[in-house]
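A.B. asks: Structure incoming, see below.
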């Protein structure tokens, strides 16, 4: 078998964490975005590294002869996916940088499973049956930055996560509670994806996110009825789509002044209190599609950097001439390049052309296709 495919594996897996900084290039369906962070690794690590990808070409592997039975190993990549493994394999090379164990039958992470893997950068455990993790299982992983442990049977956040961790993907588990202190000491963490867990608002203990300086957080497909309190003030992206949120009250967004992307699609939002959006001066994308809004939220003209607004599939019956654009000239710094209003009962032929005077072009506006 060719030895080139492990390089492709490394490239594709590490690409998960190398999305470019935010740049709106088109008008796409937010629900297909899959929640990948719009941050590069220099921003993510908060460290002095110049790239999130290990420089494999500059390092000669020392233990190339070591490779667990059935796995494929090349340079510092150990690929053991889809093997029906019941446990983490032994004889993993100490210089391994990426360990892929996804799509197996591993049910437990034991104390010495990762012993000696002090150079590990990324650990992929997606789609196993993990329900138990020893409190010292991750202790040897002093350089781990990416931990992907989604689609398992976890009922709690793993204890004693490595302090070097930058990105945690733990969606599609059975977590109901995020206790205070569970993220203690994770000063480098910037991205957490924890959607697809049966989390309710009461499941977040006060101070659960204390000490974190996250840029990206997604808690989608959960059981939230409102925007959680005390999330990190540093957030640039907050995604709460596919929940049961019914309203945005005045102070719900007070502490998130650095947000540039807010995802609230596929909820049950009927009301956005006047002034709620005024706390988001740097907002560039607002996703409110598939809710129960009867009008365009107030305050959009005052958001000088707002470029994309998704309002499709609501109950909006009227669009006013000043709902999106400020009155006068020279107020809004960024023109819209995406406004979706389709699948609303608004008679689009009655909307005045001046309503979209601060939009880049008419193709940026999507209307029509309403079905009762």
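The backbone N, Cα and C atoms fix where each Cβ goes, and this holds for glycine too.
Features from TrEMBL:
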| type | residues | note |
| --- | --- | --- |
| DISULFID | 67-73 | disulfide bond |
| DISULFID | 71-80 | disulfide bond |
| DISULFID | 325-358 | disulfide bond |
| DOMAIN | 66-98 | domain 'LRRNT' |
| SIGNAL | 1-19 | signal peptide |
A.B. asks: Average pLDDT across the domain 'LRRNT' (66-98)?
C.D. replies: 94
A.B. asks: Near residue 80 (disulfide bond) in space, meaning Cα within 10 angstroms, which of the disulfide-bonded residues do we find among 73, 325, 358?
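C.D. replies: Candidates kept after distance check: 73.
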A.B. asks: Among the disulfide-bonded residues 71, 73, 80, 325, 358, which residue has the largest number of other Cβ atoms within 10 Å of its own Cβ?
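C.D. replies: Sorting the candidates by Cβ neighbours within 10 Å, the top entry is 80.
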A.B. asks: Within 10 Å of the Cβ of residue 67 (disulfide bond), how many other Cβ atoms can be counted across all chains shown?
C.D. replies: 19
A.B. asks: For the domain 'LRRNT' (66-98), DSSP counts of helix, strand and coil?
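C.D. replies: Helix, strand, coil within the domain 'LRRNT' (66-98): 0 helix, 7 strand, 26 coil.
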